[in-house]
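Undergrad: Attaching a single structure in structure tokens format; questions to follow.
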Amino acid sequence: MFIKYRNRQKEAVIRPKLMWTLLIIFIYMLGRMMPVTTVEMNQALLHSLESKQLLNSLASVTGAQLSNVTLFSLGLSPWMTTMILWRFFTVFGMLKELTTVQLHRYRMLLTLVIAVIQAVGLTVGAKFVVLEFFGSYGPAVAQWGTVLLLVTGAVVLSWLGNINGQKGFGGMMIIVVVNMIISFQQNLINYFKQNTFTGQELAIRAILFIIVLVFLIHLTVILYRGEYRIPIKRIGINNAFNDTSYLPIRVTPAGAMPFMYGMTLMMLPPYIISILLHYLPNNGILIFLATTIGITKLPGAILYLTLLYILAIGFAYYNYDSYDIAKNMRNNGDFIEGIKPGQATKEFIHNKVKLLSQFGAIMVVLIGGGPVLIAVIQNSGGGNISIAMLISNAYIITTLILAVVEQVNTLQNWKKYRNLI
């Protein structure tokens, strides 16, 4: 009996991964509750850039927490910002001459620099507990000690995400899913606390919210699983499956990435401006930027929509690189009927991706930016904009959960096959 149990444990695939994921979620939740005791939070921490609740809505897509300073307050924001900048460097061929070790070293260095900027921006307006460190003491020592703790937390969180990618489900994104679910719940609670409703109004709003949420989840599933299929011929396959082979391209090629990285980029300017305003409090340009680029203002909302559109196009081409696809097809002996392998195939795939990327970008802007823009035009304030952003948050959560479900299904199918040796 013991031998059979041990053999079943060895063959188990999903259970160990699930345990690793639950362990990492537990560590993340523990880190979210560990306050950095060197700093006292106050409402002027980010000046007049955004309300705390709204910044938390933006920060939720990175696993960050701004309602108070904890070990994991920065979340995955430094890592996600680095990935965007790194892709920019890669596209323009700035890193071709570097080795793999050098690339990893420079990427980590860039992550640390961004983490320091965000940590300083988060704490620049805070009051610090006076500490003594090797004979030195004062607010500066406490501030840089706080920055060190926040940067360390961000690095540890990135490491945990990598571990989850190797041994668990969902990779880095499982941290985002957990934090967004918590933020989703808190925003709903805050909305109903800050507004007074009669019993009938409360029931109507609750029913309306459930209907919209169910519709949005259904729409997300359709967009996530919907794909355009290009029939292909495989020289290496000579059976009935050859007629059913195809190249799939999702109708929303970028997925939920534009929302996540768009919110991440929207958080970076407030951090930088808060640092500059601390040292240049009377600078007119900085004051103007601080009061206009926030997502509660029309220029900030338009900037957010523009970012969503650009990122949707960029991630579509990143996920479906026509050059790489055409090259792999030619190397494997695959071809599209009526299209010559090589440059002609590349242009054909590029045109399809271009068309679908535009459709995907429009859907991203409508789902993610439309409600925010309407709330800003109506002067609804930060609270209602946070509710408007719940729509994009629900889209992100559903998309990421669907990705995890696909990963589990793949492992379940893998278990059906016997080892050849």
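Glycine too: its Cβ is placed from the backbone N, Cα and C atoms.
Residues or ranges marked as transmembrane segment in TrEMBL: 12-31, 76-95, 107-129, 141-160, 172-192, 204-224, 301-320, 355-377, 383-405.
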Undergrad: Is it true that the transmembrane segment (172-192) and the transmembrane segment (12-31) have 3 or more Cβ pairs under 8 Å, skipping pairs fewer than 6 apart in sequence?
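TA: Yes, since the transmembrane segment (172-192) and the transmembrane segment (12-31) share at least 3 Cβ pairs closer than 8 Å, they count as touching.
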Undergrad: Counting only residues 6+ away from its ends, which parts of the chain sit with a Cβ under 8 Å from the transmembrane segment (141-160)?
TA: 24, 27-28, 31, 36, 38-39, 63, 69-79, 111-112, 115-116, 118-120, 122-124, 126, 128-133, 172, 175
Undergrad: Mind checking which residues reach the transmembrane segment (204-224)? Cβ under 8 Å, same chain, six or more beyond either end.
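TA: For the transmembrane segment (204-224), the list is 197, 250-252, 255, 363, 367, 391, 394-395, 398-399, 402.
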